[in-house]
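See below for the structure under consideration.
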Amino acid sequence: MITLRNISFSYNGTKENNLCDISLHIPKGQCVLLCGASGCGKTTLTRLINGLIPHFFEGEFSGEAIINGMNSEEADIAQLSDSVGTVFQNPRTQFFNTDTDSEIVFGLENRGLPPEQLLSRLEKVTEDLQIQNLRERSIFELSGGEKQKIAFASVYAAAPDIFVLDEPSSNMDYHSIKELSELIKKIKLQGKTIIIAEHRIWYLMDIADRVIFMENGKIAHDMDIKTFVDLPEAQIKSMKLRCRNLADVKAETVNVSPDVSVSFGGHTFAVKDITVKLGHTSVLQDISFSTTGGEIIAITGENGAGKTTLARTLCGLTQEAAGSISFDGNPLSRKMRRERSYMVMQDVGHQLFTDSVYAECRLGIKDLPDPAIDEVLTELSLNRLKERHPLSLSGGQKQRLAVAVSVLCGKDILIFDEPTSGLDLKSMQEAGRIIKRLADDKKTVIVITHDIEFIKTICSRVLILSGGKIVKELCGEKKNELEMQLETF
């Protein structure tokens, strides 16, 4: 099905090989997990399999890639795309329409299917994937996880022989990841070949047949799933991989008194009875909580629950319909919130503007000494990339750059929307250390996240949002109940 022989590749403008002498064979019907640190070559390997290398991404290419009987260099990209369907790390980059129905059948429409067949296929796909609630929606109004579901649906509709999934769970909530795992099982039973590049590997332990671990553009380990599951935990950590079982991750115990200002001694950021409306519909209803500098508050919940809307409201980007937000008892207007806060967005590509990592750190920040930038970049393993263009970075590297800028900006209120999306274990821990350092400096720190591993090990408290309301609060060892609580909403 897929045969790679002595493949080496480097992107134009880079000195090192992004892939180095890769040889492997993946038979029909096998489910393969690609794992390894951010920047190890996983995404580049997926681009080789789907034909984007060498047809779209230019660079120095050598070796031979046979995909479903076709030589990838000689075959037309349209022929390859009939055989290989890809869900990209950032689903926004593969959308061509403004509404969900058109997007799901876009590939089939390009193949010339008549309207009645398009409608029939649309209904079957949405029923199979249980996404009827996403029919006839604007792409621009979807949450990150909902966009990921639509991207998957558009690939599923085309029924390719090979599925390539690049970080498919990165923006998904706990329920959606469970649904994704069932869907992967379903297409596996159909005899499809599946290649999944992932950092969150826990949901794939009973699905994958094989694990390929990459390091510095090379295949360092190639093993069957049983061998991988039997590896000692110490070896998994030395490989810088995330947990294989969420139950093995135990919560950090942080005692929070009813008066959080006594516990942490910092400034108090209070949200009272916040309601946000989209047209005549309430997206958030009567949201109230308070946090003190020194605390790290996590806000989690299902895709579309209103988490990103809440983040945008807290930092003044979205207008509340009712309620108030204050800092040390003083009301904060939208303008004041924008001046005093910094938000790391879910799609960090929206807030990267310059032509180098170093310049990005300086943007809009006066009199910032070079040693301060170097210290933060080193702490986030970005110092060697400081001359690179931000848009040439991997998804995880872009995420860390946005976190670096948040540290350097000097704002009082810091809001992170999915800061660990696309991050490996080492990068997640580095981001966690940086966020803890901000909390230690008595900054107000609020993290919007689906990452249960991150919540348990880094955050002081977690608020569960459902249907636009806060339905549960957990802190300390109670965070170990998080998966169980998420199952109930």
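Every residue gets a Cβ built from N, Cα and C, even glycine.
These come from Swiss-Prot:
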BINDING   GLY36, ALA37, SER38, GLY39, CYS40, GLY41, LYS42, THR43  ATP 1 binding site
BINDING   GLY301, GLU302, ASN303, GLY304, ALA305, GLY306, LYS307, THR308  ATP 2 binding site
DOMAIN    2-241  domain 'ABC transporter 1'
DOMAIN    269-487  domain 'ABC transporter 2'
Review point. Name the residues of the same chain, 6+ apart in sequence, whose Cβ is under 8 Å from the Cβ of THR43 (ATP 1 binding site)?
Key: GLN89, ASP166, ALA197, SER394, GLY395
Study note, to complete from the structure: As a whole number of Å, the Cα atom of GLY304 (ATP 2 binding site) is distant from the Cα atom of ALA37 (ATP 1 binding site) by 29
Revision key, fill the gap. Within 10 angstroms of the C-beta of GLY39 (ATP 1 binding site), the count of other C-beta atoms across all shown chains comes to 21
Practice item. Within 10 Å of the Cβ of ASN303 (ATP 2 binding site), how many other Cβ atoms can you find? Include all protein chains, please. Key: 22
Exercise for review: Reduce the DSSP letter at GLY301 (ATP 2 binding site) to three states and note it down.
Suggested key: strand
Review point. Which three-state DSSP class does GLY306 (ATP 2 binding site) fall into?
Key: coil
Exercise for review: Would you count the other C-beta atoms found within 10 angstroms of the C-beta of THR308 (ATP 2 binding site) for me?
Suggested key: 20
Point to revise | ATP 1 site shell beyond GLY36, ALA37, SER38, GLY39, CYS40, GLY41, LYS42, THR43, criterion: Cβ within 8 Å of Cβ centroid | key: MET214, SER394, ASP424
Point to revise | Under 8 Å by Cβ from GLY306 (ATP 2 binding site), counting only residues of that chain that are 6 or more apart | key: VAL276, VAL283, LEU284, LEU465, GLY468
Exercise for review: May I ask for the distance between GLY36 (ATP 1 binding site) and ASN303 (ATP 2 binding site), taken between their Cα atoms and rounded to an integer number of Å?
Suggested key: 27
Practice item. Among SER38, CYS40, GLY41, LYS42, these being the binding-site residues, pick the one whose CA is nearest to that of LYS307 (ATP 2 binding site). Key: SER38
Check your understanding: Under DSSP, is GLY36 (ATP 1 binding site) helix, strand or coil?
Key -> coil
Check your understanding: For ATP 2, what surrounds GLY301, GLU302, ASN303, GLY304, ALA305, GLY306, LYS307, THR308 with a Cβ no more than 8 Å from their Cβ centroid?
Key -> SER143, GLY145, ASP173, LEU465
